[in-house]
Amino acid sequence: MRYLTLLPLFFGLASVAIFLGCVELLLTFGLLNQFVIPFPSAVLGSFGRLFAEEQLFHRLVLTGTEALAASVLVSLFGISIGVLLHRCRVLQLATEPWIAAITAAPIVLAYPLFLVMFGRSAVTIVAMGFFAGLAPVILKTLEGLNGVRKSFINVGHSYKLTPAQLFWKIELPAAVPTIFVGVRLGLVFALINLIGVEFLINFGGLGQLVNDLAERYDLPGVFATIVFVILVSVVIFSALERMERWFRPADRS
Amino acid sequence: MRASSANLRLAPAEIAETDLIIDGVSKRFNTREGTVTAVDGMSFSIERGEFVSIIGPSGCGKSTIFSILGGLVRSFDGRVTVNGEEISGPHPAIGMVFQEESTFPWRTVIDNVAFPLEVQGVAKAQRYEIARRFIDMVGLAGFEQRYPSELSGGMRQRVAIARTLVFEPKILLMDEPFAALDEQTRLLLGDKVLKIQQDLRQTTLLITHNITEAVQLSDRVIIMTFRPGRVKRIVDIRLPRPRHGDVVSSEAFGRYVAEIWSDLREEASRGMAETEAGARQSKA
Ligand SMILES: Nc1ncnc2c1ncn2[C@@H]1O[C@H](COP(=O)(O)OP(=O)(O)OP(=O)(O)O)[C@@H](O)[C@H]1O
Ligand SMILES: [Mg+2]
């Protein structure tokens, strides 16, 4: 059992190591241009410098705080708006196509507008993350609430539940797994846009660092930061997946 | 009025009381292919403490009449009277066991069964105690903390039955509650439901397509016609009570089964033919 979970992990890590080794060799023999691609060893080596001189940890906390703020806002507003639209059918029919369209729109391009409204500040960054992540949460909340099995609702009616009881005891818990999928999507969208805007307006945490280092042409540093961002995302989203399983006792078997 | 009532363990005064009156109930659905009359002018009544089954081929309108009696259907023709009051929504005296999967996947077995008590505001310790009793009764002791996904389909259905019984409804409506069970479990659980029904003097309406089950449990069996759903015939089951699972091997039992089957066969084959013809037509 344990062997079976460790084996894929081992192969995954081994293939990454082999790939990096190959890149290192190709660079050494001049088959790859080292002015475009830094040595993997140099990238690894620059982590110490990033933590010591570029306050990588501090920046992580900064971006993390922004992400947390955006996530809380996205969940709070997304779920509430979803519930509201579910209650009000006319409103839902009127807005759902728009919201779906917004999900596909590159909201990050609207950053100058936010810059004008909120200045070059954390508020702009959080606001961008918020707007980018909102649509999927609304849509998935709607999907979850609309998809509650008729027989569950009928059970509720047969016990003469009040509308509030019906919502809190049946509709919402039945929709939670779907809503959480939306929250996870929303957080992905928010995080991507957060770091993107940090990069674009050269302000804040990790995104700004990539911008900074790129301008100084510190290639190993840029790559190391990008690797770091990817690792952090992986950790966050596997944690979210864990939480999702926790919200879905139905599939725990 | 009915010879079978002599076998009921009821005080004479109670026999006369009628719990459920269905008077000329019809229900039409508007579909893309036109109007479907699911139930057409059904009338029957059920007396207090009586166990009545409705039997009929698939699609004859059994679940429709079940939802109407449960107060879940707002627009239908005719009148349904419970305890002397005409219903206009779910009646508090009625407990329902649904045909479709209805256990809540986000609640454990015990929280599922305790649900009606929780809604009524019964304290946790007390509602768990009551719930345990009913979980025991349907043979699920030891599974209290499991989630429905960790149970078999038949076990989930037993959870649904326990959840309905837990608030001891005066009138019990069940829509094919044993359909997902094997024959042995079906007989044993039928026995238990029957015992509870007799103890609580519950008025029970069981919807089924299993003739054995209908005869084993009922005082009367209502046979329905297929499309439109009407009462074809009502058969009094004059088998002595209390009945156990072994009643099925008696000779009288066999005669009832044969009698009902001959009525039902016509309807079932008509149902099959019409459904097939309908499918061909909509394909063409
Ligand atoms: N919501 C609905 N809209 C349209 N037609 C419906 C609807 N519900 C039921 N019907 C039709 O009414 C008829 C009776 O359906 P019903 O579910 O009552 O059958 P049933 O006797 O319970 O069948 P089964 O034994 O298969 O459960 C069927 O022909 C079905 O197609
Ligand atoms: Mg049915």
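The backbone N, Cα and C atoms fix where each Cβ goes, glycine too.
Packing against the transmembrane segment (A:6-28) from elsewhere in the chain are residues 34, 37, 39-41: each is 6 or more residues past its ends and has a CB under 8 Å from a CB in it. The transmembrane segment annotation in TrEMBL covers A:6-28 (among others).
The domain 'ABC transmembrane type-1' annotation in TrEMBL covers A:60-241.
Residues of the same chain lying 6 or more positions beyond the ends of the transmembrane segment (A:67-86) and with a Cβ under 8 Å from any Cβ of it are 92, 95-96, 126, 129-130, 133-134, 136-142, 144-146, 167, 179, 182-183, 186-187, 190-191, 194, 236. Residues or ranges marked as transmembrane segment by TrEMBL: A:67-86 (among others).
The transmembrane segment annotation in TrEMBL covers A:98-116 (among others). Panel annotation: around the transmembrane segment (A:98-116), residues 124, 127-128, 131-132, 134-136, 138-139, 193, 196-197, 200-201 of the same chain, lying at least six beyond its termini, place a Cβ under 8 Å from a Cβ of the stretch.
Proximity of distant same-chain residues to the transmembrane segment (A:122-142), defined by a Cβ-Cβ separation under 8 Å and at least 6 residues beyond the stretch ends, is recorded for 62, 66-67, 69-71, 73-75, 77-79, 81-83, 85-86, 92, 96, 99-100, 102-103, 107-108, 110-111, 114-115, 175, 178-179, 181-183, 185-194, 196-198, 201, 203-204. If you look up TrEMBL, you'll see A:122-142 (among others) marked as transmembrane segment.
Here TrEMBL flags A:179-201 (among others) as transmembrane segment. Long-range contacts of the transmembrane segment (A:179-201) within the same chain: residues 63, 66-67, 70-71, 74-75, 78-79, 82, 107-108, 111, 114-115, 120, 124-126, 128-141, 143-144, 207-208, 210-211, 229, 233, 236-237, 240-241, 243-244, 247-248, each at least 6 residues beyond the stretch ends and with a Cβ under 8 Å from a Cβ of the stretch.
Under the heading transmembrane segment, TrEMBL lists A:221-240 (among others). Cβ atoms under 8 Å from those of the transmembrane segment (A:221-240) belong to residues 38, 43-44, 46-47, 49-50, 54, 56, 60, 67, 183-184, 187-188, 191, 195, 206, 209-210, 213-214 of the same chain, restricted to positions at least 6 beyond its ends.
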